[in-house]
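Taken from TrEMBL, the feature transmembrane segment covers 26-48, 60-81, 93-120, 140-158, 199-216, 237-260, 272-292. What TrEMBL lists as domain 'G-protein coupled receptors family 1 profile' is 41-290.
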Amino acid sequence: MDPKNGSSFTGFILLGFSDRPQLERVLFVVLLIFYLLTLLGNTTIIALSLLDPHLQTPMYFFLSNLSFLDLCYTTSIVPQLLVHLRGADKSISFAACVAQLFVSLWLGSTECILLGVMAVDRYAAICRPLHYTVIMHPRLCALMASASWFIGFANSSLQTVLTFLVPLCGRNKIDHFLCEVPPLLKLACVDTTVNESELFFVGVIILLIPVALITLSYGRIVRAVLRIKSAAGQRKAFGTCGSHLTVVSLFYGTAIYAYLQPSNNYSQDQGKFISLFYTIVTPMANPFIYTLRNKDVTGAMRKVFCGGNDSR
């Protein structure tokens, strides 16, 4: 792969929101706050899962994976974005652009698979409660998590190589705030129909198969919960799934918009704000969605940070 593509190419210019300087100042403050909340929330989830024996279960094992993933995902994007929002220099080296694309694709693809795996965990917990610990054995949990990371890695490797094999003929101004496949393909000086078709096909597999798995799992969960005679029991069962469904809706809704719509319908301005949502807002919101109504996590927080006794 030749980064120069026949020219004295040294890197890219990420235009981002440079055409809206007033918006840049507002975004800097907002995104800095969101990033700090992301670090705090996800680090707390990971720490609690390690420190509290009550949270060392399959559900929190997968949630810790999700939190670690979100930490890395956001950190691969936000610090550089904050620097660009504060200064006139919007450049990014070729190597840094390749690394950012690879890491963000890897972690984004992994999250797609991991959210599907978490739905299977919820299915086993609610529909097979007596056999839950046997079904969700630690080895199986580790295997499922590892498979999620490996599939994400394989997809990212393929997409990154195919994207940077496309000749750019010296074009280096990316109308985005990060190195992402759709805006990079717009720099190409050749027909990219094959690349776009391949991206759409792989996107369907990575996005829609986990969605189908989630739909199937929750279809059976709903039937199982409706058979519970106690209203309190139904609320408790639905409560354990509500957080996961909220995260799924936020992540998949924005990712499908970004990657599974025809390129001729793709609005670059809308794409930037959608990307802000799933790269920054969702990773920040995830730990709070999982903890606000979760008595296990709030109890662990009181015990670890306030030195209180475990009342369970």
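The count begins at 1 with the first shown residue.
The backbone N, Cα and C atoms fix where each Cβ goes, and this holds for glycine too.
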The transmembrane segment (140-158) vs the transmembrane segment (272-292): 3 or more CB pairs under 8 Å: no
Among the ranges 26-48, 60-81, 199-216, 237-260, 272-292, the one whose Cβ pairs under 8 Å to the transmembrane segment (93-120) are most numerous: 60-81
Segment-level pLDDT (mean, integer) for the domain 'G-protein coupled receptors family 1 profile' (41-290): 87
